[in-house]
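Copied over from TrEMBL, here are the features:
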type     : residues : note
DOMAIN   : 4-112    : domain 'Cadherin'
DOMAIN   : 113-221  : domain 'Cadherin'
DOMAIN   : 222-329  : domain 'Cadherin'
DOMAIN   : 330-434  : domain 'Cadherin'
DOMAIN   : 435-544  : domain 'Cadherin'
DOMAIN   : 559-662  : domain 'Cadherin'
TRANSMEM : 671-694  : transmembrane segment
Amino acid sequence: MNTVSTVTHYSVPEEMEEGSIVANLATDLGLDVKNLNKRKMRVDVVGNKKYLDINKDTGELFILERIDRELLCTLKTATSCFLKLDATIENPIRMFNIEVEIIDINDNAPHFRRGTMHLDISESSPIGERFSLNNAADPDVGTNSVKNYHLSSSEHFSIEIQTGRDGTKFADLILKKALDREQQAVHNLTLTAVDGGVPTRTGTASIIVRVLDVNDNAPLFEKDRYVVDVMENSPIGSLVIKLNATDLDEGSNSDIVYSYSLYTSERTQNMFNLNPENGEIRVKEMINYEDIKLYEMEIIAADEGQNSLSGQCKLTIQVTDMNDNHPEISIKSFQSPIKENEQIDTVIAVVSVSDKDSGDNGVVDLHIPDNMPFKLRESSDNYYELVVSELLDREKVPEYDITFTVTDRGSPPLSDNETMTLELLDVNDNVPQFPQSFSTIRVMENNAPGALLSSLTAFDPDLHENQYLVYFILEKEIANTSMSMLFSINPENGNLYALKTFDYEIEKEFLFHIEARDSGSPPLSSNVTVHIIIVDQNDNAPVIVSPWRAHGSVVEEKIPRSTDKGSLVAKVIALDTDSVHNSRITYQFLQVTDATLFSLDQYNGEIRTMRMFSYRDPRHQRLVVVAKDNGEPALSATVTIKLSTVETAVKAYSDMTEVPLEYDIFSDLNLYLVIGLGSVSFLLLITILVTIVLKCQKPKPSKAAPPCRNSVISERNSTIADSTLVSNDAYWYSLFLAETRKGKLVVRQPVPKGSRYIVSSIPRGTGVTDTSDSAASTLQVWKTSV
């Protein structure tokens, strides 16, 4: 049985929306739509991406993915584009060949491979000359491809459209009017390609035509005749006149060469020099009014084009009579360079002056500028010495251009001058200078070893080896540690580096000196005082010292159910070893069983009742308090307090024992915290003393607890046992303050059942460190159950 039927053909335009229906394939194939799912009908693509699929519920063939004919059929010459599919059903198996032709639509605009075309056309090109242009490409086919070209309006150019063997359209640029570069050197045109689609699409390209020059303009002078006056005895090489001819052409066609014509006498040519490149006429030999009073010449300006063109002008030079003997100056000896520390009256040069004239015209005066540290001293007839008159400083003026001016006393006076350059040699007379004598550098703690702290660069205005500086740290020991073990300086550029990581809690500042020494002989040096300030980071989390609880445990407290509104329930105390704002701690509830029952002071950590307990309130209240510092980012610690209400008053304080444990708490970091805690405790102690005095006036029978071994307080008055929870904590805080003033840390420790309290102190120097998390503390407070 043949399972493959004949080919089913469909045609769809490209770029149809996804989900668009092509045809009902099941109906066209004569299949029952209801059995498509049961018979597992599917469509498989042959050799292409799966752009179409079948709806098994309706039998419709639909667009699965947008089809781009230009991507699917890459050959532009292809007249048709097909997708071949196989439709398969089972029970029994049958296969159908489906051929879907993709119809091109005009979805692509023509485009040029180069957006700008450059053409160089000679201005002598004949009318009708043809120039090839790049054609436009269009991925579409048939009528949707390029059909025509249009050229922007131009009086000089038009286009002619040609058709290639494959039907490709291209355009040629035709010259329809002669070009003149001197009128317009560049023509900007726009070529537009138009396809045959509906609606039409276009693409454009710019055509820049640069007109090439031909030599069609002759050089021209500004005047046909020039007349100039020249003084006799003008210095050889002095400028008489600068002739200027212009040529409207460009390139070599506008390059002009100047020359004398055959009508200019040889003597005139020997007296004056004509520069062939720039037209300058300068004095070539000494001019004497008594010999010749007038010179005439004709100048030709010719361009360097292939067919050279030229223009000419006439020049008359009139010689003006004058006092024709200038004074002369001669440098007999000259010492340069000299050291900048030369002594005053040192002779630098010997100068002689003369004038061939007689009378007043032969009397000369020699002088130099007044604003120089030199003076002229006449040594003999017409001989002068140039001597140092003031102290020299190369750092202020490295060299002097000394102009000697000699002037006769004729009418009008004649003068001459000569300039010599005097260089000063450097001596090591300047100490290296730092911008400032004291430099403060702030370094954030926890810095990376090797980090650049600052660049301490000194300046030395001297030269060469007198200017080469070497930097080093002046040795100084702090706590048996050399500065060179803590800091390093680059000897060449003064870059200061840290060799270790600093901890603000250990070391806060360093003060040392850095010296800069030049390489002169003898060397000079200076130093700068460096003050390194370690800036605190928030790298220590708050530690909750009260109420203390073992790591991970919950603090349990019992309070009378009859506690009044505003009563102190508990007090949270946290310490932070950071400084300033990093150690400022605020408290807040993280969790609370009943937000209407308790309040927390965010500054002192006191937890008080906001109202009295009612019979509806649960017996157990859970409070989670977070202590957060003011650093950035902020660090915190939490403590969980479980409060249980009882119907009877809290029993009296148990006996308290003191177990001395040395621990140094008076570090620089927490000194201020202890002082603040002491101030609060002092106020609480005053309150306790007043309460005790009042209680003593009304004595009550009391039970004395048996004395404990090593106890600091063997017996407590029953009045303390009857005091409130506020008095309970206040007494402990006063004891804490008293013991810490002795250099010890007071803690509460658990005692055997039946005892009351043990207050212990940790001696200084035990080396106890904080190894727990942020909720633990080196200051530990234990409280036994009531």
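Cβ from N, Cα, C; glycine included.
The structure displayed is predicted, hence computed values, not measured ones.
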Structural state census, the domain 'Cadherin' (559-662) (DSSP three-state): 4 helix, 50 strand, 50 coil
Mean per-residue pLDDT computed across the domain 'Cadherin' (435-544): 87
Helix, strand and coil residues within the domain 'Cadherin' (113-221) as assigned by DSSP: 3 helix, 55 strand, 51 coil
